[in-house]
Amino acid sequence: MTPASANDLLIPEEDLNRLRHCHHHNPHGFYGWHATDDGSVIRTRQIGAEKVELVLGDTQIVMNPIGDDIFAIKLGNREAFDYRLRVTWPGQDPVVTADPYIFLPTLGEMDTYLISEGRHERLWDVLGANVKTYETTLGQVRGTAFAVWAPNAIGVAVIGGFNGWNASQHAMRSLGGSGIWELFIPNIGPGEVYKFAIQTREGHRRDKADPMARLAELPPATGSIVVESDYQWQDSEWMDKRAEIDTATTPMSVYEVHLGSWRWGRSYAELATELVDYVADLGYTHVEFMPVAEHPFGGSWGYQVSGYYAPTSRWGSPDELRKLIDAFHARGIGVIIDWVPAHFPKDDWALARFDGQALYEHPDWRRGEQKDWGTYVFNFGRSEVRNFLVANALYWLEEFHVDGLRVDAVASMLYLDYSREHGEWEPNVYGGRENLEAVQFLQEMNATVQRVHPGALTIAEESTSWPGVTAPTWDGGLGFSLKWNMGWMNDTLEYFSKDPIHRSFHHNELTFSLVYAFSERFVLPISHDEVVHGKGSLWNRMPGDTWNKAAGMRTLLAYMWAHPGKKLLFMGQEIGQRDEWSEAHELPWGVVEGWQGEYHEGISDLVRELNSTYKEVTALHQRDFSGEGFTWNKADDASNNILVFTRHGDDGSQALCVFNLSGTSQPEYQIGVSGGGSWRLVLNTDDEQYHGANNPLPETIEAEKIDRDGFPYTTTLHSPAMSAQFYVWEG
């Protein structure tokens with residue numbers, strides 16, 4: 001094969017100009033190997049190189065510089081062949097590499113079809129940055145396949161330290177009408193920082209983080225990082241068992257945690273020991289992480305996401321997060337993460353106006369912006385955007401073995417007029433305020449999750465009375481596994497914040513929740529939202545002095561654990577944190593050991609005992625979502641601030657739950673019950689082990705055959721002030 005004149009190698013000026021400014025849809029049509037009428041030509045662009053040689057086995061042929069940092073050579077052979085490039089930059093040793101522009105597209109036609117239809121359930125395998133190895137005639141070529149969806153761009157390039165952030169070096173090709181641009185770059189592997197240089201129709205260059213990046217630089221840096229996982233999971237037994245668990249009939253108590261401030265400075269790897277031990281000791285069945293996807297502003301607590309596929313690098317690597325989740329599974333504890341598909345921040349290096357146009361966000365500002373939060377709203381009606389989000393849900397379940405997604409701000413998605421004044425929202429096609437596209441997205445997401453990952457949970461933070469949030473999609477519901485009971489939370493906290501002397505006038509705030517308790521599959525949440533923004537901590541909401549605050553918290557928690565519904569408690573409340581929570585410092589662990597620390601220790605001990613009793617007494621969890629699991633024994637004793645109800649299990653078991661929410665003890669309080677004989681005391685918040693008043697209570701109470709309040713039996717018991725007792729029926 002004999003080199004020919006460089007004059008035969010020139011690129012047409014129009015194409016060269018587009019390549020020069022990185023707005024060519026097909027750089028592969030000019031770079032790499034191409035057959036000609038009388039042979040073949042190879043071209044390569046190597047910015048700043050002083051020499052480029054074609055390597056054919058043991059032969060090296062100097063390529064001709066033809067301007068614009070392009071080197072070319074013409075050969076007599078018209079048949080395709082494998083080769084390498086030997087590139088020399090000033091002052092550096094030569095580098096031998098495969099040519100990026102000889103590789104076939106890394107996405108197939110089925111991939112692009114599924115993406116355009118919004119049905120690619122493993123989107124992360126084909127978009128973003130995926131490390132790959134190709135077998136060639138001259139040996140293996142290892143590198144990274146880059147692909148990005150940017151349909152409005154006129155050119156896209158991969159930029160990074162490996163090419164001096166120069167968009168002319170690694171221009172990507174467009175895969176037809178799919179809107180996807182792709183390029184395989186040899187010798188690029190894990191640890192490389194990169195972005196996509198987007199050339200917009202308006203003539204601007206926008207350097208963007210990869211929407212599908214699996215890792216990002218530590219904020220405030222904004223680059224994406226190539227990453228590859230070699231983690232070996234140890235939780236196969238847990239994952240197999242998860243698919244068989246019926247959440248409706250099993251105990252579920254969730255410890256909500258912000259990983260960065262639980263204990264300051266802890267990494268995922270350190271939390272895999274410290275946090276796991278702590279949660280296991282308290283007896284929780286699940287832990288819920290506030291958002292762990294990458295986010296630029298720590299003060300958002302993770303709820304303004306910039307990298308939906310990237311675990312935040314604040315606390316370690318993706319594999320270290322996998323290790324943390326694996327450690328929870330080894331202790332029999334499920335892991336839920338907060339997931340934010342409702343909106344995203346306007347940072348110009350992230351998703352916002354990604355290719356110069358409204359792409360991920362809705363183009364109409366009346367639907368595309370959330371003014372309260374200063375964010376953009378996803379365009380749920382666009383198939384590729386739905387695919388991005390649905391696949392993201394599957395990604396966390398598949399790649400990180402999470403057991404559930406708590407979906408944030410669902411109400412803001414469901415209503416077109418959410419937090420909008422007249423004239424700031426557009427009705428749907430039927431003239432209503434329901435966001436039909438968001439409804440369709442949520443139904444699709446839930447149905448897909450349940451089909452692909454049986455046993456995985458989806459939990460809605462939904463603050464309105466939208467019907468059928470947890471009803472199946474085939475029956476017109478949204479299809480969530482569970483819904484936060486915001487009404488219960490608001491009424492309960494409002495009641496317990498009042499002085500006992502005034503509570504009799506607010507008795508219905510506690511009883512009203514049972515009117516609708518079984519209309520959805522509810523979680524009772526006391527979350528981070530209730531201890532921030534000037535609301536104070538639970539401790540500070542309780543009226544009275546230290547003793548009364550501690551007693552109030554113990555009674556509140558007992559009421560929560562007895563009430564129908566699964567449980568969620570935010571970190572710090574289990575020790576009676578006195579100040580409201582801030583992400584800027586760790587929990588005040590010293591409160592347990594400091595002055596009056598016994599009261600805080602008592603609250604922690606009670607939470608441990610509540611979780612234990614909740615698991616052991618089937619009546620407390622088996623019929624959380626059925627009216628057959630609950631009976632009022634005393635709902636109307638407002639004058640004494642007393643509530644009594646019975647929880648029922650499938651096996652006929654019963655748990656009598658007594659709450660005295662006043663400052664006055666009732667030494668001989670009579671209650672009608674359904675079961676005669678003995679009722680055994682299994683929990684007493686007034687006990688000395690919780691630093692209560694330790695009023696002496698018998699281990700059992702007896703129920704006699706005397707009709708009372710519609711029940712065939714009557715029992716008489718001592719109900720101490722500001723306390724709760726659980727009794728189980730023994731017959």
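Quick reminder: no glycine exception, Cβ is built from N, Cα and C everywhere.
In Swiss-Prot this protein carries:
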- Asp408: active site, nucleophile (ACT_SITE)
- Glu461: active site, proton donor (ACT_SITE)
- Quick note, Glu461 (active site, proton donor): same-chain residues at least 6 apart with CB under 8 Å of its CB -> Arg406, Val407, Asp408, Ala409, Val410, Trp484, Met486, Pro525
- Task: Inside 10 Å of the Cβ of Asp408 (active site, nucleophile), count up the other Cβ atoms and send me the figure.
- Result: 21
- Note on the structure: Once DSSP output is merged into helix, strand and coil, Asp408 (active site, nucleophile) belongs to coil
